[in-house]
Amino acid sequence: MTTNYIFVTGGVVSSLGKGIAAASLAAILEARGLNVTIMKLDPYINVDPGTMSPIQHGEVFVTEDGAETDLDLGHYERYIRTKMSRRNNFTTGRIYSDVLRKERRGDYLGATVQVIPHITNAIKERILEGGEGHDVVLVEVGGTVGDIESLPFLEAIRQMAVEVGREHTLYMHLTLVPYLAAAGEVKTKPTQHSVKELLSIGIQPDVLICRSDRAVPANERAKIALFCNVPEKAVISLKDVDSIYKIPGLLKSQGLDDYICKRFSLNAPEANLAEWEQVIYEEANPGGEVTIGMVGKYVELPDAYKSVIEALKHGGLKNRLTVNIKLIDSQDVETRGVEVLKGLDAILIPGGFGYRGVEGKVMTARYARENNIPYLGICLGMQVALMEFARNVVGMENANSTEFVPDCKYPVVALITEWRDEDGNVEVRTEESDLGGTMRVGGQQCHLTDNSLVRQMYGEPTIVERHRHRYEVNNMLLKQIEAAGLLVAGRSADNKLVEIIELPNHPWFVACQFHPEFTSTPRDGHPLFAGFVKAAGEYQKRQVK
């Protein structure tokens with residue numbers, strides 16, 4: 001089987017939406033019956049985004065096989081059925097790390113190690129490895145054409161056309177076509193200059209995706225085609241839309257998938273986008289709305305919680321409810337009190353690291369528990385719920401996590417020192433272990449407790465969910481906590497680690513150590529988020545009565 005490659009680049013400005021555009025195109029090609037995957041090449045020098053600040057970089061998306069990756073991989077999984085893996089994302093730092101390791105080992109036999117050919121060869125090897133077994137691979141190159149950091153990646157994808165054949169490679173370039181109100185027209189010159197920059201590197205784009213706040217007129221698309229040496233039918237207008245789920249249909253309506261299939265000589269049936277049309281219908285025709293408060297520490301950048309926000313919206317789709325998300329800084333709860341939580345239909349505390357704002361989260365969990373407000377805790381959100389319950393119900397004064405207070409009297413949350421990874425191998429960690437690459441991360445099996453709320457929501461006894469954490473419930477203190485009324489609703493496959501807790505005497509209080517947001521999609525939703533949003537709607541109705 002021959003694999004075809006679509007290389008996606010961006011020009012003029014950053015944040016044009018390359019990831020969404022690539023994922024939307026992949027969704028159409030998948031709907032035509034093709035085996036599709038997507039890769040993201042990141043030009044930064046960090047080995048992976050695992051230790052990068054969420055406020056700078058956004059969330060870290062975790063794959064099934066335990067890779068800590070760019071948030072764009074979350075977009076990919078929400079648009080196509082193919083599961084991403086560590087092969088779908090790599091950085092400049094990872095490439096240089098691999099090449100330097102080989103140099104130290106003597107693999108290059110004393111040769112002078114250079115960007116060309118050694119770095120570019122390493123990039124190409126990873127692209128080819130990631131593309132194995134697929135009909136079409138979309139490769140998104142991070143950054144903007146013209147950035148110094150991107151040059152080795154652009155050179156590598158230029159060489160790919162020579163090595164795998166021009167008939168199996170296609171260059172798709174996203175560019176900005178701004179509208180100038182004073183002139184009353186869109187301007188194509190930035191696009192022309194961006195393509196000129198690509199040409200100077202040796203890449204002639206085959207498709208231009210023109211981003212604008214309005215549809216780019218046919219005469220302007222013809223002008224772009226003429227000056228950029230691209231067929232007119234390959235100049236696609238991608239205007240701003242009120243829902244990102246409309247983008248696959250928008251691209252299909254302009255024949256982009258037909259053009260690509262003809263270019264690659266792929267005999268594929270017409271795309272059926274009925275599932276996406278259903279998503280659009282559900283989003284446009286809600287039966288009501290709920291307000292959910294998300295209490296975290298990175299709220300100044302919503303992308304830090306991208307998958308959680310999307311998963312809440314998916315939960316809304318499954319319940320025909322519009323979900324309004326109110327982002328609340330947990331430090332505001334500490335300074336202003338629980339007044340900032342008034343008027344919410346449900347409360348969610350997502351994952352996080354570090355002590356800042358933790359006490360505000362503990363106060364939030366108590367407020368939700370005592371006022372019968374639906375509560376969903378994720379990762380740290382489960383740990384603070386446990387701390388709160390231990391303090392205020394069990395009577396363990398100042399119960400805490402050893403992450404925050406190493407010598408606390410009641411360490412209800414402690415460092416995991418040993419567990420099994422996704423392959424069944426034993427992993428061991430200590431307080432001295434590096435921060436990068438040392439967490440319990442990736443898909444882990446969980447056995448659900450019979451007659452629990454989560455068992456009812458999932459509809460099956462065993463699930464697999466993705467983790468990213470170092471600390472877990474301390475089993476030494478668990479019996480006392482369970483005796484006070486807390487239910488352990490899910491445990492790890494070896495029965496050693498607590499994965500889910502519930503409060504049976506509360507209308508809807510669920511907290512999990514894993515990250516369910518990473519497996520939620522607009523077409524399928526996720527049982528926990530669907531149940532959580534449903535509970536928010538029911539709470540709202542009770543308040544009205």
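Heads up, the Cβ atoms here are built off N, Cα and C, so glycines get one too.
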Which of G352, G354, G443 belongs with L380, G381, M382, Q383, E403, R470 in the L-glutamine site listed by Swiss-Prot: G352
Among D65, D70, D72 - the residue Swiss-Prot places in the same ATP site as S15, L16, G17, K18, G19, I20, K239, D240, V241: D72
Cα-nearest neighbour of G381 (L-glutamine binding site) within the listed binding-site residues, S14, G17, K189: G17
Structural state of S15 (ATP binding site), classified by DSSP into three states: coil
Sparsest-packed of the listed binding-site residues (G17, G19, P190, G352) - C-beta count within 10 angstroms: P190
Secondary structure at E140 (Mg(2+) binding site), reduced by DSSP to three states: strand
Of the binding-site residues listed as Q192, K223, L380, R470, the one whose CA lies nearest the CA of E517 (active site): L380
Separation of alpha carbons, C379 (active site, nucleophile) and G352 (L-glutamine binding site) (Å): 8
